[in-house]
Amino acid sequence: MIPVTSKSSSGFALPDLSTDRAHRAVPAEGAARAALEGRRTGIAALLPFVGPAVIASIGYMDPGNFATNIQAGAAYGYRLLWVVLAANAIAMLFQAMSAKLGIVTGRNLAELCREHFPAPIVWGMWIASEIAAMATDLAEFLGGALAFALLCHLPLFAGMIATALATCAILALEKRGFRPLEAAIAALVGVIGACYLGELMIAPQDWHAAAFHLVVPQIPDRAALTIAVGIIGATIMPHTLYLHSGLTQDRIAPRDDTERRRLMRFSNREVVVALGLAGFVNLAMVMMAASAFHASAPGMADIGDAYHTLIPVLGPAAGVLFLVALLTSGVSSSVVGTMAGQVVMQGFMRRRLSVWMRRAVTIAPAFAVVACGCDVTRAMVASQVVLSFVLPMPMIALLILSARNDVMGRYAMRMPLRIVAGTATVVIVGLNAYLVWAAFN
């Protein structure tokens, strides 16, 4: 049944169900149990389990994506759309693997790494994950702050304060249980999707060219490869692989293999829908940038400049939609990043920082960037490249653990999926290695 303790294994504080809120949780638990028993079908069966993939999908629409996708569309038009599509497909596979790992084992990825890997590897993964968390929050926090500043005509520092307050307000919903927090994040996901649907309707598109470059791989030059690696780093997020496996634990527990298989099917469907929306948003970002900037400003690389250029090219509505999407993305992804950081520390170190302490630690680099006068967009793009280097660690760990019979039992990954997931991991590691070689040559 739904956990009733004050702390879940994934490290989140859950509401005290001894209060009268327990009575309000019963219908949701009953609906979930009915779905697992096969007494509910269709959308009604899926709804009680919606949440983990929706939260994880925010990581695929964070401000780092805005920065890299604007560069991709402005510099290369539609020619890197296939990278976005491929990265999204890989993300679906690995998020489904992460959710399955949590459902089958009852533990999150970080906990399993601690249990099954040597201590030096565990320490290395934890340190790399914390660096990735700071790099992630750098992009998320700066993106939200920049949007606040431009939308409300505030100094950037004031935008940072406003973003911090908005993030804390959403995190405070966790005290009421995971459902209110999930509902708030789902609403923000809907806002981002609606904004970019509006952008596509405003910006004229060459749909034939977009369809062609969606399926025909092209890397025009070395700079395009760097952006492609950044797209992968911005699209497939290390922290969401840890987080998703943890989020599956705070829900109703299957009582037998039949219910477990149903739960995994529901999880896979949610992954496809939630990350399908994230993929649409990322494709729309590149297409909007291609339409607005490729012909007139191919060197566009600054989010602030992109906003100011959008208004004369596509009209004020396009500029407002862009900022609302960026603001929503920055605030929501910052919340999710904090949640993921809790899972990582609890899993690897068996320790928990308070949410507010973790929030303070991870936003410190963002304040440092502004204080030093660094270019905000360049810092955001650099953070995505950092993420692409950290990414292979949780991917390899997830691949190894998902294939082990002593961890997954009868649910261990079968050979065809091992080959696909292994190939994707090798490609990403190879791209990162090439990027390092190119940087020094």
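Here, residue 1 is simply the first one shown, and the rest follow in order.
Every residue, even glycine, has its Cβ placed from backbone N, Cα and C.
The transmembrane segment annotation in Swiss-Prot covers 41-61 (among others) and rests on sequence analysis.
Summarising the annotation, Swiss-Prot assigns transmembrane segment to 74-94 (among others).
The transmembrane segment annotation in Swiss-Prot covers 116-136 (among others) and rests on sequence analysis. With a threshold of 8 Å between CB atoms, the same-chain residues lying at least 6 positions outside the transmembrane segment (116-136) that come near it are 59, 62, 64, 110, 237-239, 242, 333, 337, 340-341, 344-345, 348-349, 361-362, 364-365, 383-384, 386-387, 390, 393-394, 397, 401, 404, 407.
If you look up Swiss-Prot, you'll see 141-161 (among others) marked as transmembrane segment.
Annotation source Swiss-Prot lists transmembrane segment at 183-203 (among others).
According to Swiss-Prot, the transmembrane segment annotation covers 223-243 (among others). With a threshold of 8 Å between CB atoms, the same-chain residues lying at least 6 positions outside the transmembrane segment (223-243) that come near it are 55-56, 59-60, 62, 64-65, 67-69, 71-72, 75-76, 79-80, 83-84, 87-88, 90-91, 94-95, 98, 108-110, 129, 132-133, 136, 139, 282, 336-337, 339-341, 343-344, 347, 381, 384-391, 393-395, 398, 428, 431-432, 434-435, 438.
Remote same-chain residues near the transmembrane segment (271-291) are listed as 53-54, 56-57, 60-61, 65-66, 69-74, 76-78, 80-81, 84-85, 87-88, 91-92, 95-96, 99, 189, 192-193, 196-197, 199-200, 203-205, 210, 214, 235, 300, 306, 314, 318, 322 (criterion: CB distance under 8 Å, separation of at least six residues from the stretch ends). For 271-291 (among others), the entry in Swiss-Prot reads transmembrane segment, with the evidence type sequence analysis.
The annotation transmembrane segment is assigned in Swiss-Prot to 311-331 (among others) on the grounds of sequence analysis.
Feature annotation from Swiss-Prot assigns transmembrane segment to 360-380 (among others); the stated evidence is sequence analysis.
Per Swiss-Prot, transmembrane segment is recorded for 381-401 (among others). For the transmembrane segment (381-401), the list of distant contacts is 64, 67-68, 71, 94, 97-98, 101, 109, 112-113, 116-117, 124-125, 128-129, 131-132, 135-136, 138-139, 226, 229-234, 236-238, 241-242, 301, 407-408, 413, 418, 421-422, 424-425, 428-429, 431-432, 435: same-chain residues at least six beyond its ends, Cβ to Cβ under 8 Å.
The transmembrane segment annotation in Swiss-Prot covers 419-439 (among others).
If you count C-beta pairs under 8 angstroms between the transmembrane segment (141-161) and each of 41-61, 183-203, 360-380, the highest count goes to 360-380. Remote same-chain residues near the transmembrane segment (419-439) are listed as 90, 93-94, 97, 222, 225-226, 228-229, 232, 236, 385, 388-389, 391-392, 395-396, 399, 402, 413 (criterion: CB distance under 8 Å, separation of at least six residues from the stretch ends). Ranked by number of Cβ pairs under 8 Å to the transmembrane segment (41-61), the listed stretches 74-94, 183-203, 360-380 are led by 183-203.
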